[in-house]
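**Student:** Pasting the feature list from Swiss-Prot:
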DNA_BIND  86-273  DNA-binding region
COMPBIAS  262-279  compositional bias 'Basic and acidic residues'
COMPBIAS  291-302  compositional bias 'Low complexity'
REGION    262-306  region 'Disordered'
REGION    332-367  region 'Disordered'
REGION    342-363  region 'Basic (repression of DNA-binding)'
MOTIF     282-300  motif 'Bipartite nuclear localization signal'
MOTIF     322-333  motif 'Nuclear export signal'
Amino acid sequence: MEEENISLPLSQDTFQDLWDNVSAPPISTIQTAALENEAWPAERQMNMMCNFMDSTFNEALFNLLPEPPSRDGANSSSPTVPVTTDYPGEYGFKLRFQKSGTAKSVTSTYSEILNKLYCQLAKTSLVEVLLGKDPPMGAVLRATAIYKKTEHVAEVVRRCPHHQNEDSAEHRSHLIRMEGSERAQYFEHPHTKRQSVTVPYEPPQLGSEFTTILLSFMCNSSCMGGMNRRPILTILTLETQEGIVLGRRCFEVRVCACPGRDRKTEETNSTKMQNDAKDAKKRKSVPTPDSTTIKKSKTASSAEEDNNEVYTLQIRGRKRYEMLKKINDGLDLLENKPKSKATHRPDGPIPPSGKRLLHRGEKSDSD
């Protein structure tokens, strides 16, 4: 029985008793921190309201902030059609290729006559970069491929699907690669979709005047679904970190199985075309003979041939035949008749009186 009379102090039945026992001081007795101004004057409240109403509303308050540029995009101001003219700039940006000849065993060779690089698939080509003075800190070298012909220049140069599927790299769709540097970065412009690769510019080593970069092209020029025998140009630019172009060089590239043979063939064809053009100019400069003289000689010769040619004429009726035969015989007789001899004029002077001089044995008309 004693256990039943015991009640828990925090049970629902005893909560009201507990709440009643809680004592709290009245609000009026609570001390608050003293303010400099215990009350806001009416004038101050009015001034604040007017200032708030006069302030203009910023319409750009709720606009989204622009997204930071992604690493996949190059310079956002990249033109739709890149410039292909050479521009050395104030730093004297130049390129130089190794001389390797036209032997069949070479994997890369450059033609100065055609300004064209011939190389094998995925084989490195050494390119020497020369500058007149040091560029700004953080400068980079960028390589971009575009199509040469006007009808193809708007298209993006990519690798063919066959070579892409055989590659597991993240940048497997890029045609150009820069080998030998772990700091190479591959970009695809978000708007033009053109692909490029960059490496930081490194100053020449001690005792050298140039910096060497290694380029490799990962698809043949004849690959279906890729370049498909369309000629391409490689644009190599010197840029700042912000993408400002400091120098530009451009050269044509052909990726083939036998660079030496193709270079020799194309150089021969180019020289032949230039010689033919010079010969054509020389022929145009030589004065042509008078066309009227040629025309007259041709007309005279043709008329003579027509006169000597024999024709056959079919005639109906004996009487008509006899008549035409007489006409033909008369024409033949007239043509074969010897020309009349010219009047014989005696040699020697003629006397002033008009009388003919008598020769020995001749008599005068008066006799």
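All positions are counted from 1 along the displayed chain.
Note that Cβ sites are derived from N, Cα and C of the backbone, with glycine treated the same way.
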**Student:** For the motif 'Nuclear export signal' (322-333), what does DSSP give as the number of helix, strand and coil residues?
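**Tutor:** With helix first, then strand, then coil, the motif 'Nuclear export signal' (322-333) has 12 helix, 0 strand, 0 coil.
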**Student:** Could you give the number of helix, strand and coil residues in the compositional bias 'Basic and acidic residues' (262-279) as assigned by DSSP?
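**Tutor:** For that range the per-state counts are 18 helix, 0 strand, 0 coil.
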